[in-house]
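Taken from TrEMBL as is:
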type	residues	note
TRANSMEM	63-81	transmembrane segment
TRANSMEM	93-110	transmembrane segment
DOMAIN	163-287	domain 'Palmitoyltransferase DHHC'
TRANSMEM	209-233	transmembrane segment
TRANSMEM	253-277	transmembrane segment
REGION	327-346	region 'Disordered'
Amino acid sequence: MPPGGGGPMKDCEYSQISTHSSSPMESPHKKKKIAARRKWEVFPGRNKFFCNGRIMMARQTGVFYLTLVLILVTSGLFFAFDCPYLAVKITPAIPAVAGILFFFVMGTLLRTSFSDPGVLPRATPDEAADLERQIDIANGTSSGGYRPPPRTKEVIINGQTVKLKYCFTCKIFRPPRASHCSLCDNCVERFDHHCPWVGNCVGKRNYRFFYMFILSLSFLTVFIFAFVITHVILRSQQTGFLNALKDSPASVLEAVVCFFSVWSIVGLSGFHTYLISSNQTTNEDIKGSWSNKRGKENYNPYSYGNIFTNCCVALCGPISPSLIDRRGYIQPDTPQPAAPSSGITMYGATQSQSDMAAATPLLQSEPSLTSDELHLPGKPGLGTPCASLTLGPPTPPASMPNLAEATLADVMPRKDEHMGHQFLTPDEAPSPPRLLAAGSPLAHSRTMHVLGLASQDSLHEDSVRGLVKLSSV
């Protein structure tokens, strides 16, 4: 070892190998931040959501906007052209009552249209697979391709046998009174019908608001129609019938709209009043599920036997919470840290040490020195310019620096820059072969130890040759 050999190595600098890239050699402890998404963004049904999932509607909303236009235009014309005359000639209570009815109609309409009707959540893949196994076992088959025709279960409710049908879309057995809406593609609890006029399904959670909407709309339509006719009659008594129509043409339009709509609205209100009093749904009534034509023993197991009780349960009972939690967050999968490529688990390592560990295979893949490459007599030493570094697999990513062109000063970090990290000192860490630039001083203790071994081998060969010569003599 040359005198003062430890001095030049103190000037050597360490640099941290950059591994911050999207390659497989990225640090295993680095986690990517995934933006949290709400459940309504990935909702499987055919619905539209507004206001960050607070408003839920069907996709076909054209008829709903027509309903809004008819109510707003008819009521607006009545307040603008009829109410001022009626308030002066009859009583100011007319516009007040009309205003109360109008706001009640709009409130119940929006509540029906924008709420969850009682959508049932679909089964997860694990739940669906478990249910499939139960069905296969119940039907005595284990083949995955065979599917029995009707998939039903039977339950007894108040002495009446009720069948639960299997939904192939939602992968669940629908509870009693539930049905799958083909327009919204959802199973709805206590499904009544899909109403395009409100732009939503009518089910367990919004049926009472739907009923109050059509009932209040019936009163508003009858109220407007009656006082429009009153307005025209009062004007015709003063100026004549034709002059009264010319003086208030808006009243004619209101009377026509109310005349053609009042029959259907009032009739629909009466029909649903009958359904509430008997505790039935539109779906059950159309199918005749509890009709006496199916037999004397066929009766409605959901009826309380009292009209007043049935009405109180439908209109005054508690509203069940939504089951789909459309504004909840999707829980992302927890990332599992991968094991280091060297097979050694690193505990308590700093970020710099983790990055250095990720780059370790690059240095290990380099071929080792052979005896022919040692500093023997007649051959160039290690102080000569090095050949380019030949790396084996794995190939470093494009974002990493080329180790073949790196010098010892580029591989080793500065002491003053990384005082917080515990790196090996130059005397403790071996120097990677072929990374010394031309003219770099060789002061590494382990390298000099290799050279010392090489010179000892050379002396041993000379001594053996001398003994051979002596023995031959």
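Each Cβ is built from the backbone N, Cα and C atoms, and glycine gets one as well.
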*Report, as numbers and ranges, which residues of the same chain sit near the transmembrane segment (209-233): CB under 8 Å and 6 or more residues beyond its ends.*
71, 74-75, 78, 82, 85-86, 90, 94, 97-98, 101-102, 104-105, 108-109, 111-112, 115, 192, 195, 198, 202, 241, 244-245, 248, 251-252, 254-255, 258-259, 261-262, 265-266, 268-269, 272-273, 276, 314-315
*Taking helix as H, G and I and strand as E and B in DSSP, count the residues of the domain 'Palmitoyltransferase DHHC' (163-287) in helix, strand and coil.*
76 helix, 19 strand, 30 coil
*Contacting positions for the transmembrane segment (253-277) when only residues 6+ beyond its ends and CB under 8 Å are counted*: 70, 74, 77-78, 82, 210-211, 214-215, 217-218, 221-222, 224-225, 228-229, 232, 285, 307, 310-311, 314-315
_Overall pLDDT of the domain 'Palmitoyltransferase DHHC' (163-287), taken as the mean_ = 94
